[in-house]
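**Student:** Checked TrEMBL, it gives:
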DOMAIN    1-329  domain 'FMN hydroxy acid dehydrogenase'
BINDING   TYR24, ARG134, HIS224, ARG227  glyoxylate binding site
BINDING   PRO77, THR78, ALA79, GLN97, THR125, LYS200, SER222, ASP255, GLY256, GLY257, VAL258, ARG259, GLY278, ARG279  FMN binding site
ACT_SITE  HIS224  active site, proton acceptor
Amino acid sequence: MEITNVSEYEAIAKEKLPKMIFDYYASGAEDQWTLKENRNAFSRILFRPRILIDVSKIDMTTTILGFKISMPIMIAPTAMQKMAHPEVLKKLLQQDQGFVYKDRKVVEQLVRRAERAGFKAIALTVDTPRLGRREADIKNRFTLPPFLTLKNFEGLDLGQMEKTSDSGLSSYVAGQIDRTLSWKDVQWLQTITKMPILVKGVVTAEDTRLAIQAGAAGIIVSNHGARQLDYAPATISCLEEVVKAAQGRVPVFLDGGVRRGTDVFKALALGASGIFIGRPVVFSLAAEGEAGVRKVLQMLRDEFELTMALSGCRSLKEISRSHIVTEYDQPRIAITPRL
C-alpha cells in the first residue's frame, strides 16, 4: 500500500510496536484534550490565497541560527527513538535536547558530550519540573525494554529506570529532574557552553520576554506533545502571542500537531521561523526505519511547496499574516443589515 500522507504512519506503527511502546509515543496527558486540540486547532485556520502570481519557481530555503537549511521543517528532539527502531537518526539531527538535572556536574558532562558530537544548539526543555500524568504509561507500567539503556547517560551516576507499580519513567524523572529550575539556570547554562540555547516549552508572552531577558537564542512554542498539562491550548493557538512578544529579537519555532504541509504554511504565516515534528518521526521510524523518516520529510516538503504555490508565495518571506484567517480575527467583510 502506498503511503500518501504523514498520518498514515501512525496506524502502521501501532501494528508493529508493542502496546507499551506505541502508547508511550502516541498518548497525551490525562483526558488528552490538548493532544486532540494540537491537531484540531490547525483545522480552524483557513487560507486567503492570492492568484495570478508567477509561481514557476519556489524557494523554501531559510537560515536558522546562522545555518542555511533547505526548508523550515526540522526534527524535534525526541527521546528514546531506539524503542521504535534500532536505527537512530544521528545524521538527521543537529540539536540536542536537554533537561537540567539535580547534579549540575552531570549537566556539564552532557553538554560536553553534545559539543563533541557536533551538535549545533541545545533545546532546553523547561516545561517538565514534574512529569505530566500520562495514564497510558501508568496502566502499562512503562519501563525501558530490557534490550535498551539510556545510552546518553552511560558512565554518569543517574541511576536506572526500574519497574514500578505505575510508570517507571515517572518515578525516574521524579528522582533526577531538578524541580527548582529557574531562569537563573538558563543564564548559568550559557556560562558553560557557546552553543545557542533554544528554550522549549514557552506558550505565553510573559515567558517569552523572560526567556529573551535570560539570553535565549530562540524560543520553541511547545506543550511537550500534549504530554504535560492537559487543557493547555494548542501550540498553534499560542504562537502569535509569543511571536508578538518576541518582537523579532529571537526566532520563534513551533512544535506540536504538524502533520501537513498546510500546517507548516499556517505556522509561518503566524510568524514562526520554522517548525519541528516529533511523532511523525517516531511513527515512520517504526514503520520503515530511516527511509520512512526521509519519506515523511519529503512528503511535508512537497505539500508545503504546493501550498506556497497555491497561495501565491514564491519564497518564505512572501508568506504573510494576510494569507490566513483565524477564528480570532474580526470578520473581513462587513454585512450591512437590511433596513
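Here the Cβ of each residue, glycine as well, is placed from N, Cα and C on the backbone.
Since we're looking at a predicted model, the values are computed, not measured.
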**Student:** Here are some binding-site residues: GLY256, GLY278. Which one has the most Cβ atoms within 10 Å of its Cβ?
**Tutor:** GLY256
**Student:** Check the Cα-Cα distances from PRO77 (FMN binding site) to the binding-site residues TYR24, ARG134, HIS224, ARG227 and tell me which is shortest.
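**Tutor:** Considering only the listed binding-site residues, the nearest one is HIS224.
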**Student:** For glyoxylate, with binders TYR24, ARG134, HIS224, ARG227, what's the maximum Cα separation in whole Å?
**Tutor:** 13
**Student:** What is the separation, in Å, between the Cα atoms of VAL258 (FMN binding site) and HIS224 (glyoxylate binding site)?
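**Tutor:** Between the Cα atoms of VAL258 (FMN binding site) and HIS224 (glyoxylate binding site), the distance comes to 13 Å.
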**Student:** I'm trying to understand the geometry here, so how far is the Cα atom of SER222 (FMN binding site) from the Cα atom of TYR24 (glyoxylate binding site), in Å to the nearest whole number?
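**Tutor:** Distance (Cα to Cα, whole Å): 18 Å.
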**Student:** Which number gives the other C-beta atoms within 10 angstroms of the C-beta of PRO77 (FMN binding site), all protein chains shown included?
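**Tutor:** Around PRO77 (FMN binding site), other Cβ atoms within 10 Å: 22.
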**Student:** Can you tell me how many other Cβ atoms are located within 10 Å of the Cβ belonging to THR125 (FMN binding site)?
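**Tutor:** For THR125 (FMN binding site), the count of other Cβ atoms within 10 Å is 22.
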**Student:** Give me the Cα-Cα distance between TYR24 (glyoxylate binding site) and ALA79 (FMN binding site), rounded to a whole Å.
**Tutor:** 11
**Student:** Spatially speaking, which of the binding-site residues ARG134, HIS224, ARG227 is closest to THR125 (FMN binding site)? Use C-alpha to C-alpha, please.
**Tutor:** HIS224
**Student:** Which one is it, among the binding-site residues ARG134, HIS224, ARG227, that lies nearest to GLY256 (FMN binding site) by Cα separation?
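**Tutor:** Comparing Cα positions, the closest of these binding-site residues turns out to be HIS224.
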**Student:** Please give me the CB contact count at 10 A for HIS224 (glyoxylate binding site), counting all chains in the structure.
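**Tutor:** There are 23 such Cβ atoms around HIS224 (glyoxylate binding site).
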**Student:** Starting from the Cβ centroid of TYR24, ARG134, HIS224, ARG227, which together make up the recorded glyoxylate site, report each further residue of the same chain whose Cβ lies within 8 Å of that point, ordered by sequence.
**Tutor:** SER27, GLY28, ALA29, LEU131, GLY132, ASP137, GLY225, ALA226, GLN228
**Student:** Most Cβ neighbours within 10 Å: which of the binding-site residues ALA79, VAL258 is it?
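**Tutor:** Ranked by Cβ atoms within 10 Å, first place goes to VAL258.
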**Student:** Taking the Cβ of ARG227 (glyoxylate binding site) as the reference point, list residues of the same chain whose Cβ is under 8 angstroms away and which are at least six residues distant in sequence.
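**Tutor:** Expected: SER27, GLY28, ALA29, LEU35, GLY132, ARG134.
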